[in-house]
Amino acid sequence: MANNPYESAMTQLKRAAKIINLEPYILDILKRPVRILETGIPVKMDDGSTKIFQAYRVQYNDARGPFKGGIRFHPSADLDEVKALAFWMVIKCAVVNVPFGGSKGGITVEPKSLSLRELQQLSRGWVRAFARYLGPKKDVPAPDVYTNPTIMGWMADEFGQVAGEWQPAAFTGKPIALGGSQGRTEATGHGGFLVVEALIKKLNLNKERTTVAVQGFGNVGFYVAKKLHDAGYSVIALSDSKGGILDKRNHGMDPENVMRSKKEKGLIGGCYCAGMVCDCENYQKISNAELLEMEVDILIPAALENVITAENAGRIKAKAIVEMANGPTTPEADEILRQKKIVVVPDVLANAGGVTVSYFEWVQNNTGEAWKRAEVLDKLKPIMENSFEEIWGVSIEKKIDLRTAAFALALQRIAEAIKARGL
Ligand code: GLU
């Protein structure tokens, strides 16, 4: 079965629209993006040849405020994926009630195959291609899979040059030196951690006895795993795109040590290190597929979409899934998980800490302020906790799963904005 992320997104939309009796014209507006931008970006490669890279920006809806969403550099990035991700940004911003619409960008590229110079040329090319549609009050990009603050710094610089003035609020997730916000890099992981803390209270779990498996060891997977470990949870399984490790001893692994060994050895599955002592024998190597089906309390997919499907959902043994990736669960898998009474905290809530701190960065850039890390994380906490409570409440009241509840809440807010504009 083909798992087209855009079809999945539209299935989720229609399901929630039905439950809240969304007006058909609002549903029709949300079934398509406002604007699709697509082009080829030429890059002069180090070997003297010129390569053209396929690039996208999908501006999905801006009823609630400027378009907002990350840019993904990935070999499998395509239009349907970017459309789905842009739509999920619309819902996500409404879930946490930040005054943004939703968009997403992408370039079809294996960024690891580029030199730093080629990567910078490509990043600047993306901005030049779409600049007239970007800006603090139009569309504000940010990092996503395989993009980072360094890339946002180049992009913000390019935008300033094209616009003829420095506009820090045009991009978020920038380096601190260029007006980036303290706490932005860890924000998505921190938000996920706050969601897990709220969830275990509802499930009556004790964190010292709660086991966690995290798929994905990028910025999001690393920080959520680290924060859970530091708070006393047992992170017993971790993986990256090449494979994973399992360690059930002594409250699991310290992600900081795993990161160190990943940096030294290049991939997860080298050695598991505690402090200076490395253990290359006692941990067990596992595949990404095995990680998803492990017997743990909380499973955290934090990599890419479509990893929990009709094919493997029946074998999932976790009590709860906290989606830190965007779109990791297909609608067919959702149905199976519902029947198995596995609680799924949806991406549009669980990973919304990132865009929330992007909003804080935008506010700081617009006002010329620079908040301290503690202030940023203190402001994030009530937003994540209250959003979780609200959605949990809707799910109980309407007897629906958390994803549908989150969509229902978001759709009501979006519909209100569309109506208020008199469209
Ligand atoms: N790419 C992140 C996401 O999917 C962050 C988006 C942003 O900060 O605008 O939520």
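Just so you know, glycine gets a Cβ as well, placed from its N, Cα and C.
No curator has checked TrEMBL annotations; they are predicted automatically.
These figures come from a predicted structure and were not determined experimentally.
Residues Lys68, Ser358 are given by TrEMBL as substrate binders; from Lys31, Lys92, Lys319, that same site also lists Lys92.
For ligand 1, the neighbouring recorded positions among Lys68, Lys104, Asp144, Asn219, Ser358 are Lys68, Asp144, Ser358, by Cβ distance under 6 Å.
In the three-state DSSP assignment, the secondary structure recorded for Lys104 (active site, proton donor) is strand. Taking only the Cα positions, the spacing between Asp144 (site 'Important for catalysis') and Lys104 (active site, proton donor) is 9 angstrom. Residue pair Lys92 (substrate binding site) / Lys104 (active site, proton donor) shows a Cα separation of 12 Å.
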